[in-house]
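Here is what TrEMBL records for this protein:
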type	residues	note
COMPBIAS	53-62	compositional bias 'Basic and acidic residues'
COMPBIAS	95-105	compositional bias 'Basic residues'
REGION	1-63	region 'Disordered'
REGION	82-108	region 'Disordered'
TRANSMEM	219-237	transmembrane segment
TRANSMEM	243-264	transmembrane segment
TRANSMEM	276-298	transmembrane segment
TRANSMEM	349-373	transmembrane segment
TRANSMEM	379-404	transmembrane segment
TRANSMEM	466-485	transmembrane segment
TRANSMEM	506-525	transmembrane segment
TRANSMEM	545-565	transmembrane segment
TRANSMEM	577-600	transmembrane segment
TRANSMEM	606-624	transmembrane segment
TRANSMEM	636-660	transmembrane segment
TRANSMEM	672-697	transmembrane segment
Amino acid sequence: MAQRRPRHMAAPGPRPERRADPGPGTDPGSTMMFVAALEASRKTQATAPTPDPRAERADRSRRIASGVPDPLEADAFIPAAPSAPAASPFLPQPHRPKGPGHLRRTAPAPDTTAAFMEALEEGGLHGRACRRHGLAPGDTGSVDLTRDADVLAGEPPLVGVEPGEVLPVASFDDDPLAAEAGEARAAARADVEASVGRSAAMMSLLVILSRITGFLRTWGQGAAIGGAMLASCYTVANNLPNQLYELVMGGMLVTAFLPVYLSVKEEGGRERASAYTSNLVTIVLVVMGAVALLGFVFASQVVLTQSFGATEDFDHGLAIYFFRFFVVEVVLYGLSSVFSGVLNAERDYFWSTAAPVFNNIICTASFAAYALLVGTEPAAAVLALAVGNPLGVAVQVLMQMPSLRRHGIRLRLSVDLHDPALRETLSIGVPSLVVMVVSFATVSVQTSCVLSATSSGAAVAYYARLWYTLPYAILAVPVTTAMFTELSHAYAARDIPGFVSGISSGCSRILFFLVPMAVLLVVFSPQLSQLLNAGSFTAEETSMIAGYLSALAVSLPFYGVCTYLQKVCSSWRRMRLFAVANVVAGVVQVVFCLALTPVWGYVVPGLSSLFFFVAVDVVTFVQLRRELGPIGFKALLACAVRSLALGLAGGAAGALLVWALTGPAGLGGPGLAKGLLVCVAAGLPALAVTFGGAMALRLPEASFLRSMVGRVASRRAA
């Protein structure tokens, strides 16, 4: 029997024709695997109940409006953490190639497709699949491939295409589902804009009322104590408690409390929010109470930090006397900040904005009491000044407390130093202490420099700053307050596109209002300084107030943007960035003041604010652009240019009317009545030209004014 030869030694027979290596991606076995997997997916889908497409679209819109990252935004990140929706293959990915409406897609290779589906069944995504879905290797997630499979199955064969070749595909801008999602996002943002507009309008009206009472308070101060040495002593002592509060805890409470409160409330409800608020209130009482006690004991040293460069006419003893009464305000300021933060987080802006009105009324009464008593009882008159200020702040705090209970906040004394929310507050708030230290140092140097030029320098700076902050308080503070809440909500929901949009829209509104107002402050500075003259100012003091106000006014738009960027960095949890910017800017301002005040006089401290705020804004914007991508800086620059043009037009109209009213053929001599008449007769037309022109041109930044005017007109018509 013939021996059987091994298989590998079998006699050679006719061999099939040798073909070229087909290359990867053409294995028919893997193609069959892909088809089988596709059929299984379709059978599973056929047995499942058919979902209602309208219900799916409505649910998708609700999820997007509640904070799901917008897939149509550039550089949008679609997270795949357990707390967020898994990435979807039919949503745009984080890194879109340049070129309108195109994504990168490689020609499908069936063998790698089968491997991908097997890996998906095991719950892991690797290699090309990870890159496609925006995940890191090893991440797991539930991803619906049915839609992609249907699309691939319905496509014609790719002829003449090498595996791995990049092909253009249809734009996602043409996807009806994506378009509907974008419309839902736009509608949600429109609702936010409308809410901010309503809140800002209400707060603006309350701020106007507060400023009217504040003007009466300032007018009463000017009539009672004038602009001489007594006014400087009162001003120095009055400013110190606020500076101490800001230095020790104020920056932390203002910048960190509201974002953390919103996170705590979202995670633990109102009961957890009440516990966090009670913990913080107790800590404020303990810490700020200790600061008040130390300030009372070392009052002389504290006052000296503000008056070390004052002339011999300055009465340090009187300033120390006032400060020992005022120092209790550091505790009251802390409580007021916490209470206002809670109400703002709840979008209840009424009492936090209206409470200062009662403070102003009480302080005005104290100035009236001084004027009545100073001739017969000088000691009692000074005591009335010393008691009136802290009493007004105490009433301001008490007016906000009933609203806390209405929002479910029940305060009780308790301290929990291990509270995670407290640690988060410190992580955000500690850098803000650096900001406050810089602010304290720069204000101290400014006060000392202006006092080195004149003994009434502190009072001059105080009165000028009242007019300087008036347009900011009425027009910018309502915007920043409302937007701070919305920015914190957006970041807590990880709505980064909405967060970036809030930065741009907030800065645009601030520039739209404050750039023209800076021009008008310069034009009307002589008349505004006369409004404070109730017979107690000399002509030289009135002129100094006007000059200092003009120097300050140049920095007004940058000041408004700077304060808004602080809220942006707070809600973004990046206060270290803002702290570094403040340190750099503070050094520049201090050097400017110390070097040039002996040369140019008392206006230098006011002019130094321009360099400070410009430096902070530039450094912060650069870092925002680096970490968040485009924030619409060109649009902001265009808004600033348009606002400057409007301001110059209004300023020119106002200056012409001022010249007509105060020139040789106009009204005679300076005085309160003349200043008021000129401000009304020339100021109102200047405002009409500025902002009326913006509404007539239908500038986008004027939408807030148009909506407010429309609501007022509709109410009158009804």
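Cβ coordinates are placed from backbone N, Cα and C, and glycine is handled just like the others.
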Proximity verdict for the transmembrane segment (349-373) and the transmembrane segment (219-237), three or more C-beta pairs under 8 Å: yes
Contact ranking winner - 219-237, 466-485, 545-565, 636-660, 672-697 against the transmembrane segment (506-525), Cβ under 8 Å: 636-660
Beyond the flanks of the transmembrane segment (672-697) by 6 or more, those residues with Cβ under 8 Å of it: 512, 516, 520, 523-524, 526-531, 533-534, 642, 646-647, 649-651, 653-654, 657-658, 661-662, 705-706, 709
